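Single-structure report; data block below.
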Amino acid sequence: MNIFDELKARGLVFQTTDEAALSKALTEDMVSYYVGYDPTADSLHLGNLVLILTMKRLQMAGHKPYALVGGATGLIGDPSFKDSERSLQTKDTVTKWSGKIRSQLERFLDFENGENKAEMTNNYNWFENLTFIDFLRDVGKHFTVNYMISKDSVKSRMESGISYTEFAYQIMQGYDFYELNQLHNVTLQLGGSDQWGNMTAGTELLRRKANKQGHVITIPLITDSTGKKFGKSEGNAIWLDADKTSPYEMYQFWLNVDDADAVKMLKIFTFLSLEEIAEIEEQFEAARHERLAQKVLAREVVSLVHGKAAYEQAVKTSEILFGGGDLRQLDAKSILTGLKAAPQHQVTDDEDLTLVELLISAGIAPSKRQAREDITNGAIYINGERVQALDYVITDSDKIENRLTVIRRGKKKNFVLTY
């Protein structure tokens with residue numbers, strides 16, 4: 001199976017230009033290709049990861065990747081299918097975010113070895129000294145207004161209004177393709193399905209200005225079985241930066257993927273072969289309650305993004321938090337991350353309460369009678385250890401890093417005491 005057929009088998013091809021010619025090129029030649037990343041945040045996220053891994057698949061097949069950071073286009077903002085104008089970022093912010101994108105991409109792409117080693121460039125390099133007059137004469141003249149407003153990404157904004165700044169974005173992205181072709185013989189662009197209009201502006205400019213054929217592959221919007229955009233947890237993006245989304249949070253995200261989506265996501269987000277995935281699917285369907293596909297997803301993706309050690313720590317954290325282990329084996333940060341949704345109670349320095357009084361003060365038990373019953377019945381745990389003494393008082397040894405204590409009532413209800 002050639003790389004193009006594999007991408008299709010994994011559900012990673014939505015639209016292409018001239019599929020036969022593209023498949024032939026990917027089979028016979030080393031193709032130079034690129035993906036653009038506008039620095040619109042200080043970290044890439046799970047949606048970006050689909051494209052990053054697709055870049056890696058092509059590199060592993062012998063093709064040469066170029067990661068284009070949108071130092072110039074990031075100052076403008078892509079209007080594609082957005083309801084309103086993006087906020088413009090300062091040049092300093094865009095420069096700072098561009099640097100972070102590179103460091104994240106280096107985890108996945110090989111920038112060091114071989115003829116097809118990855119390279120990174122920034123479109124600010126060619127836009128910085130391009131005058132407005134030159135841009136209109138050398139680039140703008142190749143695009144008719146009719147062509148530009150026919151793009152679905154622009155049509156969706158015609159009623160609400162679109163500034164000339166954002167309207168011109170597709171020409172800027174098209175010019176990126178032209179420049180990369182002239183500088184590095186790049187002939188293929190990858191992007192999300194919402195980028196089709198901007199990307200084909202590039203193939204059009206390449207045809208008109210250089211009489212060359214360029215290719216485009218768009219990757220489908222990744223959705224779950226209900227049709228919702230995949231890659232968010234409770235409305236929040238899953239970031240690749242561990243300071244924004246911890247390895248533990250990413251691990252839990254993958255563990256909680258719906259059964260209907262798990263095998264699909266294995267094809268998209270892992271480098272397991274399709275044969276291996278078929279075997280996992282067979283075992284998974286035979287015993288869905290064991291959640292094998294989700295466990296493999298969590299292992300593969302967290303290890304890929306954050307490393308094996310971070311994955312193993314996430315497993316350990318999960319087992320201790322939800323398996324009844326000794327929480328003192330974990331650091332305070334891991335506990336607070338894992339129990340983010342648990343109620344918290346600030347204990348003041350002058351509180352020296354018995355466990356019964358503390359359960360009431362923290363809202364864990366509604367009354368002294370209920371608190372005593374919970375303790376004597378063995379339903380109260382401090383940092384994972386059962387406590388049945390009614391006169392028990394929290395001591396420094398119960399304070400993890402002198403910052404917190406976890407009280408569990410029953411099997412699952414956790415409360416965090418902070419100091």
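Backbone N, Cα and C atoms are what each Cβ position is placed from, and that goes for glycine too.
Quick caveat, the model's predicted, so the values are computed rather than measured.
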Annotated motif ''HIGH' region' segment (source Swiss-Prot; candidates 39-48, 99-108, 149-158, 209-218): 39-48
Per Swiss-Prot record, range annotated motif ''KMSKS' region' [choices 74-78, 84-88, 229-233]: 229-233
Pairwise C-alpha maximum, in angstrom, for the residues (Tyr34, Tyr169, Gln173) that bind L-tyrosine according to the record: 18
For the motif ''HIGH' region' (39-48), the number of residues DSSP places in helix, strand and coil: 3 helix, 1 strand, 6 coil
C-beta crowding around Gln173 (L-tyrosine binding site), within 10 angstroms: 27
